[in-house]
Amino acid sequence: MHAYRSHTCAELNAGHVGQEVRLSGWVHRVRDHGGVLFIDLRDHYGITQVIADADSPAFAELETVRAEWVIRIEGRVKGRDAALVNPKLATGEIEVYATGLTVLGAADELPMPVFGEVDYPEETRLTYRFLDLRREKLHANMMLRSNVVRSLRNRMWDAGFNEFQTPIITASSPEGARDFLVPSRLHPGKFYALPQAPQQFKQLIMVAGFDRYFQIAPCFRDEDPRADRSPTDFYQLDVEMSFVEQEDVFRAVQPVIRGIFEEFGGGRRVDADWPRIAYRDAMLWYGSDKPDLRNPIKMQVVSEHFRGSGFAIFAKLLENEGTEIRAIPAPTGGSRKFCDRMNAFAQSQGLPGMGYIFWRKGDDGAMEAAGPLAKNIGPERTEAIRQQLGLGEGDAAFFLGGKPETFEAVAGRARNEIGRELGLTEENCFRFAWIVDFPMYEKDDEGKVDFSHNPFSMPQGGMAALEGDPLKVLAYQYDLACNGYELISGGIRNHKPEIMFKAFELAGYPASEVEKRFGGMVKAFRYGAPPHGGCAAGIDRIVMLLADEANIREVIMFPMNQRAEDLLMGAPSEPTNEQLRELRLRVVPKD
C-alpha cells in the first residue's frame, strides 16, 4: 500500500465495502455526536466521511484534530444505511471506519474558515490566499482555468498551429500602457522591459517563415486596476498567421473560442453566428466598442425631430457643428417612476440628466406622450419619434445630446442599466460580435494625433489613406466582444516599412525614433516580410465569463489587490542597499 493513500477522497464507493484503505487529506469538518466522531476528510478530488467510535484505536487521537489539519487515516470501508446515503458526494454511499491516524501537519487557528463560502474581506483572502484557494468555489475556478488552457492548446494544435515561446526580458516599446522596467546589472544605466505582449516577436516569427504560431503568453502592463483587468500581469492566447486577411483570422480563431464556450459554458447557449459590427455603428447603437448583445436595445439618432423644436436646450445644441441627439428606447419602461430612476442614474454618471418621453393610452383611448420633452416638442414630433423607434403603449425613450464623444460612453452604460432594470437582458447565453473598422488614430487629451489601438496595424487603403486626414483613416483592427467584455483584440499587420514610417510619423514619431524603438522588426521587414495578422484572447476574462464571476481576481491563482500589491508575498518590496549598488541605482525620495 502507498505510504500516504490507497485511494483519493473522491474514489471510494459501494464496490469497496470491506476493503482496508489509507486516505490522506485535510480535515474539512469535525462533528462529535456523543461518543461518535464524524470527520469530513478532503483532498483535491473530493470528500470522504470518516467515523470513529470509542472502540476505535484511533478515537483518542481523532478527538484532538482540528479543521485544516493534514492527516492520514487507515480504516475499513463501510456501506451507509440507505437513509444516510449522501447523494451530494461522490463517496456518499460509504464511510471509512478509522483504525489508525497519523498527523502529517497541524494547523494554527484559522484567520478565515475553509468550510463554507462565507465572504471575507479581500485583504484577508489575499493575505491567506493558500487558505482561500482551498474553498470549493475558488478551487473549482482554478481547475476550470487549467482545463480551459489545456483545451485551448489542444484546439490550436488540431487547427495546425505551432506553439513557440518568446522572450520575457526584452526592450521597451510603446504599446498603450506603461512598461515594467528591469535594470541591467551588466549594462549600468540601461533597462530591459517585461513585454506588454509578444507583439514584435510573433511578427518576427512570421518573417522567419513559420506559418501559424500560438502561445499561452504572460503579458505585463503597469495599468490601473478594474474588475475585469489585473493591474500588473495577465495571460493571453497569442496568435499570428502568415498570408491572411481579416476574415481568415476570424475563420481560424472563431471555432476555437466557440468550442471553449460550448465545452465549459455549463449548457449556456453559444450563438453560431457572430456578426461583424463596424466600430462607429457599435458606438452609435450600443455606446460601447464591446457591446452586450444580450440586451436588445439599439440606440438611434433622432436629431431631426428636435431641430427647431420647442425644446430649446436640444434645438440650440444642434446649431453647433458635430452635435446630435440620440434616443435610447426602453420597451416596457413607460412609467414616471422608472424614468425618474434612470434620470438619477444618468446624474450619478456625471450628466445633468436624461430627457425622456413615455407613451400611454389617454382617456379617449388614443396614444399619448408624457414627460418633460413631450410637452415642449408637441404631439407630431413625439409621434414621429415613437414610430421611428418602434415603440408603443407602456414604452419609453431617453435622450442625450451633444458631441457624441462626450456622451457615448454614458449612453452605453445607461443602455445596459435600462436593459437590466427592465429584465430585457437575456440570461444563460453568450453573445459574440466582431467589432471591425476601428479608427487608426484619435486625438489624445492634449489634442495631438495618436494611435487609437495597435500601432502595428495596416491602414485600410495603404499609403494613399495616410495622405489625407488621419482621423478618417480606418485600420485593419478588430476586437471580439462577448456579453459586454472585450475577449480578443487583433489586426492585420503593417509589414511594409515605408507605410510603417508614415503611420508613425502621423502620430508624432520621427523615422529615427521608429528605427530606435523597433529597429529589429523594421530590419526584418526589409528582407522579405509576408502579409500577416493575428490576435490575442484574454484567458483571464474568458475564464471569468465561464465561471460567472464578476471580478477577475476570482479566476487568478495569486492575484494582486486593487493597489497592485501582493499581500501574501509582500510585493512590491524595498531592495537592499547591496542590490541597489550592484545595479548602480539609488532611490529618490518623493517631494
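Every residue, even glycine, has its Cβ placed from backbone N, Cα and C.
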Swiss-Prot annotation, ATP site containing R221, D222, E223, G538, I539, D540, R541 - matching residue among E263, E486, E582: E486
Nearest of the recorded positions (H33, R221, H453, R493) to R541 (ATP binding site), judged by Cα-Cα distance: R221
Long-range neighbours of the region 'Aspartate' (199-202), counting only residues six or more past its ends (CB under 8 A): 166-167, 170, 173, 175, 213, 215, 238, 240, 454, 456, 518, 520-521, 534
Inter-residue Cα distance where the pair is R221 (L-aspartate binding site) and G538 (ATP binding site), in Å: 13
Cα-nearest neighbour of H453 (L-aspartate binding site) within the listed binding-site residues, D222, E486, I539, D540: E486
The region 'Aspartate' (199-202): DSSP-derived helix, strand, coil residue counts: 4 helix, 0 strand, 0 coil
PLDDT averaged over the residues of the region 'Aspartate' (199-202): 95
